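Per Swiss-Prot, the features are:
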BINDING   His78, His237, Asp241  Zn(2+) binding site
ACT_SITE  His264  active site, proton donor
Amino acid sequence: MLKQRTIKQIVKTVGIGLHSGRKVNLTLRPAAPDTGIVFCRVDLPTPVDIPASAMAIGDTRLASVLQKDGARVSTIEHLMSACAGLGIDNLYVDVTAEEIPIMDGSAASFVFLIQSAGIEEQNAAKKFIKVTKPVEIRDGDKFARLDPYFGFKLKFTIDFRHPAVDKTGQALEVDFANTSYVREIARARTFGFAHEVEMMRELGLARGGSMDNAIVLDEYRILNNDGLRYDDEFVKHKMLDAIGDLYVVGHPLLAAYDAYKSGHGLNNALLRELLAHEDSYEIVTFDDPLKAPRGFAYDTQTAFA
């Protein structure tokens, strides 16, 4: 049987919120089978648990934000991406503010945390959402689409008219049957434009943003002294985001995802469209792990190649 996974022990870290600029304590705790990924606002007078789900995503303008009973947890996508990449099904995420710390702007810190805690298989079958019919959402020239596929592959195209981005490749296709999430995707950082950062700060946002946790561009070039971690880091980060956004559905997808200029809002709309049509998916498990598709969340020995 292909089994569900959690972490072996509690791990903690401290970081800053990208938008608030304030210190945030983050604790990851093991969770029982069929718990899912649950975010806990432990700083509130009465702590609020918010299970990750497509229907709990509220605001998507700058990040994916979970909302429940007036409580929010923002910027969950990088941590969710790491959980997807390492095949973590069940986890409690305790946080002392309304946003997950930005760390270095990628998923690498969360991958390291989960690997440090250790990954434990549980005595329950891992559930997958198998897409059985195409589902698509469009918004002007932007689109996001899921097609049936026995595995998990993604194709993402960005369109940033900028000299530095133009040089790096605006499209990427990855099949996790033969690609390592940890090596090829996890280290891609978020990016932004210097003039936008100034505007956001005037609105009280991006107070924690810096070259320590983002690639910053002016009109012509990358301002970070250390340059890029991957030749195509921009589109890889958008793919990292999409993996995290899609994992909010509650289980790993067996599907092919294709997107053009998609973001958090379109990705969430795609999941809602999928869930609204019960004939477009089914929940499946694998009694024989050898019959499961090869892929980054399914390898029983390690979660990554």
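Placed from the backbone N, Cα and C atoms, the Cβ positions cover glycine too.
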Pairwise CA distance, His237 (Zn(2+) binding site) versus His264 (active site, proton donor), rounded so that it is a whole Å: 12
Alpha-carbon distance [His264 (active site, proton donor); Asp241 (Zn(2+) binding site)] in Å: 8
Cβ packing number for His78 (Zn(2+) binding site), 10 Å threshold: 32
Shell of the Zn(2+) site beyond His78, His237, Asp241, same chain only (C-beta within 8 angstroms of their C-beta centre): Glu77, Ser81, Gly105, Ser106, Ala107, Ala188, Arg189, Thr190, Lys238, Met239, Leu240, Gly244
Distance, His78 (Zn(2+) binding site) to His264 (active site, proton donor) (CA atoms, angstrom): 12
Asp241 (Zn(2+) binding site): tally of other CB atoms within 10 A of its CB: 24
Residue among the recorded positions His237, His264 whose Cβ has the most other Cβ atoms within 10 Å: His237
